[in-house]
Amino acid sequence: MKELGFLIVYAAAFYAFIIHRSLLLSRDHHSKLFGLRPGWLLPNSLNDVSDAQWRNFRGNLPLLSVVLAIFAFVANMSRAYFHFKARGMSVIWLLISLIYLSYLHGACIIFILTIASINFLLVKIVARTKYFSFVFWIFNIFFLLCNRIYEGYSFSVFGQHWAYLDNFRGTFRWHICFNFVALRMISFGYDYHWANQASRFDYEKHTQRCHICKSGKTCYQVLQLNVPQNNFSPTDVAWYGVRWIFNFVLMELITHLFYYNAFAISGMWKHLSPMDVFIIGYGVLNFMWLKFFLIWRYFRLWSLICGIEVPENMPRCINNCYNLESFWKNWHASYNKWLVRYMYIPLGGSQRKLLNIWVIFTFVAIWHDLEWKLLSWAWLTCLFFVPEMVFKATANSFQAKSAFGHFVLRELNAVAGAVTITCLMVANLVGFVIGPSGINWLVSRFLRKDGLPVLAGMFVTFYVGTKLMFHIHEFKQGRH
């Protein structure tokens, strides 16, 4: 208990210092930062809306909420009064989606439908052949790259008589959103391919064996268009929405007080001390986590209202992960599930883990965008994965038989956690703040006389944080 008390006091002091220093940085440098707009939450304040993704989501939230209300009303009324099942609901959702896509992307919806239709025909033709995986991946990677390289294509390329359609490209770039369509195309292709290799899904046998279905709840194996989810009651969904609103207000408070992302995109971090660079980097990671938390949970709320339960993203706070594997499982969790099912297992799973992570993270980087800094982020993450895998294998083979042995193993795990968190920060700073060209600057800055104490303090803080995470994990295990 003495250790836990010390850890809590240290953590409280650490965050008090981070908050105090962040307020001073934002106050002293706000005139040199890009992307600040007049705020609304606090008097005489500015709001950091420098992140384009957050700015677009936040700015379009009223419109999105109107669409959500219409979508949910039509879908739920169709179920309740017309008793639509899978086919009927598919038609309803398809029509609403086409209308909304036409508003978002205008005439460019032609590109989306064309590529998706070609993918559908390709799957139907080659799904039963031994060349399926090779041809299928070549097709999808080809269009992922071409969509980015040609920035969504121009209609004039196909002839001047089509050029007028370039004036009706909608309000949002289609090739940015198409990355998610590509994942759906790949999952459809593989599911169809595997369905042709195995026996058909037997619903009755599944419900007899599945403990979730036996309890009367809905699992992910059941078609939720036929059977709406019942794991979340209307009260649960309403509370989920209320919690989302509280977190949105928290995000607004953070962006009004701390201009972390504005520091990153303005290049001001180059003129700061090592301590302040660490604070900005740490702040950017927390801002990114909360941003994706809000975006992904908003759309999960949408699906729950419509009777569909999808996997939860961000199930664990960014400050409660001390190894790379758990970090990625608890970041974009649904994407992680997708990668495991459609890439990791087909590539050989744990038998080729060391090779697989390089292929998968390279794909993840390309899927996000064609930028060297993202490839650098992916490859650095893979590089940092290697020692963690070796350490885990060694720790698993070591059986502590005494109290001292348990103590040594726990301390080594805490040190390994501190190293991992440091590596995660470096990889994400390179990927999302300083870029690959800033690696030498970062290393040289922290290896100078004024940087080494900061580096040591950072490591001690992450060590303390890891031990605090151990206590949280043990408390949860004891509670269950």
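Each residue, glycine too, has its Cβ placed from N, Cα and C.
Per TrEMBL, the feature transmembrane segment maps to 6-24, 63-84, 90-122, 131-150, 244-265, 277-296, 353-368, 374-391, 412-434, 454-472.
If you look at the transmembrane segment (244-265) against the transmembrane segment (90-122), you find fewer than three C-beta pairs under 8 angstroms, all six or more positions apart, and that falls short of contact. Only residues 6 or more beyond the boundaries of the transmembrane segment (353-368), in the same chain, are considered here, and those with a CB under 8 A from a CB of the stretch are 141, 144-145, 179, 182-183, 335, 339, 343-344, 347, 374-375, 377-379, 381-382, 385-386, 389. Taking residue pairs at least 6 apart in sequence, the transmembrane segment (412-434) and the transmembrane segment (277-296) share three or more C-beta contacts under 8 angstroms. Using a Cβ-Cβ cut-off under 8 Å and counting only residues 6 or more beyond its ends in the same chain, the transmembrane segment (90-122) has close neighbours at 67, 70-71, 74-75, 78, 84, 135-136, 139-140, 143, 152-153, 155, 165-166, 168-172, 174-175, 177-178, 181, 185, 188-189, 225.
In this chain, the transmembrane segment (63-84) does not touch the transmembrane segment (454-472); fewer than three CB pairs sit within less than 8 A of each other, excluding pairs fewer than 6 residues apart.
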